[in-house]
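Pulled from TrEMBL:
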{"type": "DOMAIN", "residues": "A:6-137", "note": "domain 'tRNAHis guanylyltransferase catalytic'"}
{"type": "BINDING", "residues": "A:D29, A:D76", "note": "Mg(2+) 2 binding site"}
{"type": "BINDING", "residues": "A:D29, A:G30, A:D76", "note": "Mg(2+) 1 binding site"}
{"type": "BINDING", "residues": "A:D29, A:G30, A:K31, A:G32, A:F33, A:H34", "note": "GTP binding site"}
{"type": "DOMAIN", "residues": "A:140-258", "note": "domain 'Thg1 C-terminal'"}
{"type": "REGION", "residues": "A:220-239", "note": "region 'Disordered'"}
Protein chains: 4
Amino acid sequence: MANSKYEYVKAFERENHLLPDCYILVRVDGKGFHKFSQEYGFEKPNDLGALMVMNQTATRLVEAFPDILMAYGDLDEYSFLLRKECALYERREMKLITLFGSMMSTHYIMEWNKQFPEKPIRQSKLPIFDARAVVYPLLKHVRDYFSWRQVDCHINNLYNTVFWALVSKGNMTPKDAENRLIGTLASDKNEILYSQFQINYNNEPEIFKKGTVLIREYQDHTSTDHHQQQQLSKTQLEKEKKKRNKAKIVMYHIDLIKDEFWDSRPFLC
Amino acid sequence: MANSKYEYVKAFERENHLLPDCYILVRVDGKGFHKFSQEYGFEKPNDLGALMVMNQTATRLVEAFPDILMAYGDLDEYSFLLRKECALYERREMKLITLFGSMMSTHYIMEWNKQFPEKPIRQSKLPIFDARAVVYPLLKHVRDYFSWRQVDCHINNLYNTVFWALVSKGNMTPKDAENRLIGTLASDKNEILYSQFQINYNNEPEIFKKGTVLIREYQDHTSTDHHQQQQLSKTQLEKEKKKRNKAKIVMYHIDLIKDEFWDSRPFLC
Amino acid sequence: MANSKYEYVKAFERENHLLPDCYILVRVDGKGFHKFSQEYGFEKPNDLGALMVMNQTATRLVEAFPDILMAYGDLDEYSFLLRKECALYERREMKLITLFGSMMSTHYIMEWNKQFPEKPIRQSKLPIFDARAVVYPLLKHVRDYFSWRQVDCHINNLYNTVFWALVSKGNMTPKDAENRLIGTLASDKNEILYSQFQINYNNEPEIFKKGTVLIREYQDHTSTDHHQQQQLSKTQLEKEKKKRNKAKIVMYHIDLIKDEFWDSRPFLC
Amino acid sequence: MANSKYEYVKAFERENHLLPDCYILVRVDGKGFHKFSQEYGFEKPNDLGALMVMNQTATRLVEAFPDILMAYGDLDEYSFLLRKECALYERREMKLITLFGSMMSTHYIMEWNKQFPEKPIRQSKLPIFDARAVVYPLLKHVRDYFSWRQVDCHINNLYNTVFWALVSKGNMTPKDAENRLIGTLASDKNEILYSQFQINYNNEPEIFKKGTVLIREYQDHTSTDHHQQQQLSKTQLEKEKKKRNKAKIVMYHIDLIKDEFWDSRPFLC
């Protein structure tokens, strides 16, 4: 058929296969969520319902891809850790990230409408997520990645907590509150909260301070590398896959930075 | 703040800036739409309502990005042509394709629910789109790209039209219909349609045979290249941008392969 | 054989096929040629013999690859323009650039030893070249690329001419000469040359002011694109190739920026 | 200066920074060395002098880059292992591979002319090397990489040994020798050597059977990762660097596949 005459245009396509035997980290990030949160009237500094929408949405993705070992999220972003042996779409980067972005945004609509039936998502302001993939050679990098995100969550949340206390309880304008906080350290912010508003930051809910971790908890996992994988019999691979499929997905709001989290979960390596 | 200690993990991120001064073609493609069409009971061989959902969805994207010159779609795929000077997200490939995938899938839900209020999208079967970007140096490649897609549309539609005639009017099983069509040429398929079912394929609706083109029609466009762009005054650039923003988006079901389409639309180059 | 057990390591290799139907520009660049020129006692500001070594070396590469349309060089760098249809090593970037670097440096040794039999290349200071490839969609980009390099040649040569006049004829220290030139315009430099040293820069040799162009001159070339190439008969392709092989390689020291050069050489497009 | 008008062409350049904290393997490979070996009259199946040229050449590169931990070579190829923390040229792939290719080929000329003063390299047949870089996350991959190359060396050498015995001692034509060996296993080849030519393959020189390993032997190395590197004081880094510079480069023809080689050299990890 005459199609062949035009098919040469396919030769311009490029693909990137993510490096084998490395962890894959896919991070999705809400586009313009500051405006999104205004449009749908998020409570400040934190809207627990909106956070639950994010967490439920991310849970749907963890369920859909047994290769996801764990996920961590906060505000309008979520990071998914895929195991080193992941062969999803032959590790094609474009395929992986566009599907994660698309699934995140469609499930978000559904979870939102369940959580907030009184204010469903409107087409004039949709939840749009971009996505990117990063490969990490070592578990150490993965741990530092999640530490990076959790420290970031803490910094943002402390700031937002003080900022909104100054605005809503201290009757400052947003501009004045912003200026008040320029150059302040964490200790200063804790002090403002305590002395001006009798808020002990330590008593704030863990979900706000720590963000949310989703873990595919399974016990009798045996780690295998790329090469061993190739040598497992089909039966063994099927069995391993079934175990991953059946593993329960558990939600925590806990510290990811200290050793304890990782030491007690050898199946994450 | 201690964050710096972990921030080195950002150095593992990679980005690809699409080659300057080339056309960018972004193609979105439905994931598993065969099952999707069964789940939501699409009419066969073509469901006009579902096609309109695709076309309306794509129109929302063309509206959102004035850099889109035109788009072409059929079944569960759509291709968007971005002008050579497009500087959206600094031409970062990952950003562009994940946003196109995410916007396509969320608008699809909204357009579907408007079109089919009696059977709204269910979370158990969501419209997911992957996306890819390809750069083309010359208008010739762009024309051949769209010709490739339109020939593909024709081949698929002729096949589907005969197949479903054999099944629903000819009372063949899908398996038998498939076997009947193995090795048949276009002329054979036309003949089956005409002699067995009194269907003249030429009289089938253009939207099925040709697919759908969306064009940002504007008249007094003056083409400028990368270098000239840099030399246009800010006022001129703003004016050019406004013209693009105001241009009407028009839908056609016409031939993209012959010269006429392109000769009469110099603003597409 | 047991090799298969280890062969999986090949899957970590990555290749980049340069975008089809674009011009390929390969630029080689001497590594540490400032020290190289001191080690082998180059005349200042320009060593005609060393320039001829570069030009002869580049000529060997143009002879070796009929896909090279032209080349331009100056000091320790050379740029080779490969035609858009070039299929050398399937346009694999790594292969192309490493071979250009390797061939440039080995031929340089040979050409140097012919030019300067009294001071052959010593292993303690070898001529090493790095190389890179860039793809350009349009002839306009190619023209601007060569203009960029030729303007750069002019700027460097004017500076070096004044600098060495100040040092060798004006008895300034290099440091003083450098300070004298800070902030001076081209017109100032011309003035210094003329008033202090009675040198009219315009009368300097063209090879220093303009650099060197190598052109594969052939007359009855007919341009064909990627697609037409595929449709040429084998006989025609062979004929075309032979013409390229037989075309004479001519050396010029002329202006590449004005239209005349390009208008009179349609085979360069 | 007017240069700015053309400098936009630089925006078309692309660079690839090799993934941090991974081993870098650079492999150089002779271009057309079959013809090269005929042109310079290599002894068959192995030319010890030519091998020594390769080994000396590779030693020059190991000396030049203290980041090279070890190298392995055979016939016309050599693989260089760079430590994970290597920051040479900011890990820019193009820069690294073109320099390796260029240095390999120029030093080869020099080493050859020392080894064979009676038949120096001629410009009509130069030693040209291509080069590529591969990143490996784990030491396990690095070990398997070298095992892959050493098994390959063994396979090639056994074949060549029998082939040339059949031709030069057995008076077969090359074509007949080739046919004789089709489908033969290693044991068959050993048997032919022994029964027909009284050659015990096990007694062949180790340099032919095992290839050549170059190791930068230093004892009191302490492994540090990317992150620790950043925290070492400048003094410590300088000290570490000096140790690498002073380490002796030792040549072996030994087994790389078994654990012993690696277990006794912890500084290779």
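All residue numbers here begin at 1 and follow the chain in the order shown.
Note: Cβ is positioned from N, Cα and C throughout, glycine not excepted.
Location within the structure of each feature annotated in TrEMBL.
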residue	record	DSSP class
A:D29	Mg(2+) 2 binding site	strand
A:H34	GTP binding site	helix
A:D76	Mg(2+) 2 binding site	coil
Worksheet item: Given the binding-site residues A:K31, A:H34, which one is most crowded in terms of C-beta atoms within 10 angstroms?
Response: A:K31
Worksheet item: Could you state the CA-to-CA distance between A:H34 (GTP binding site) and A:D76 (Mg(2+) 2 binding site) to the nearest Å?
Response: 9
Worksheet item: In angstrom units, rounded to an integer, how far apart are the Cα atoms of A:K31 (GTP binding site) and A:D76 (Mg(2+) 2 binding site)?
Response: 8
Discussion item. I need the most crowded of these binding-site residues: A:G30, A:G32. Count other C-beta atoms within 10 angstroms of each C-beta and give me the top one.
Written reply: A:G30
Practice prompt. Can you grab the distance from A:G30 (Mg(2+) 1 binding site) over to A:D76 (Mg(2+) 2 binding site)? Cα atoms, rounded to a whole Å.
Written response: 5
Practice prompt. Using DSSP, tally how many residues of the domain 'Thg1 C-terminal' (A:140-258) sit in helix, strand and coil.
Written response: 77 helix, 11 strand, 31 coil
Worksheet item: Could you tell me the C-alpha distance between A:F33 (GTP binding site) and A:D76 (Mg(2+) 2 binding site) in angstrom, no decimals?
Response: 7
Worksheet item: Are any of the binding-site residues A:G30, A:K31, A:G32, A:F33, A:D76 near chain B, where near means a Cβ under 8 Å from a Cβ there, and if so which?
Response: A:K31
Worksheet item: Same-chain residues six or more away whose CB lies under 8 A from the CB of A:D76 (Mg(2+) 2 binding site)?
Response: A:D29, A:G30, A:F33, A:F36, A:M54
Discussion item. So if I draw a 10 Å sphere around the Cβ of A:D29 (Mg(2+) 2 binding site), how many other Cβ atoms end up inside it?
Written reply: 19
Practice prompt. Could you name the residues, excluding A:D29, A:G30, A:D76, of the same chain that surround the Mg(2+) 1 site, i.e. Cβ within 8 Å of the Cβ centre of those residues, in sequence order?
Written response: A:V28, A:K31, A:F33, A:L75, A:E77, A:F129, A:D130
Discussion item. So if I draw a 10 Å sphere around the Cβ of A:F33 (GTP binding site), how many other Cβ atoms end up inside it?
Written reply: 18
Item to complete: Kindly state the mean pLDDT of the domain 'Thg1 C-terminal' (A:140-258) in the predicted structure.
Response: 89
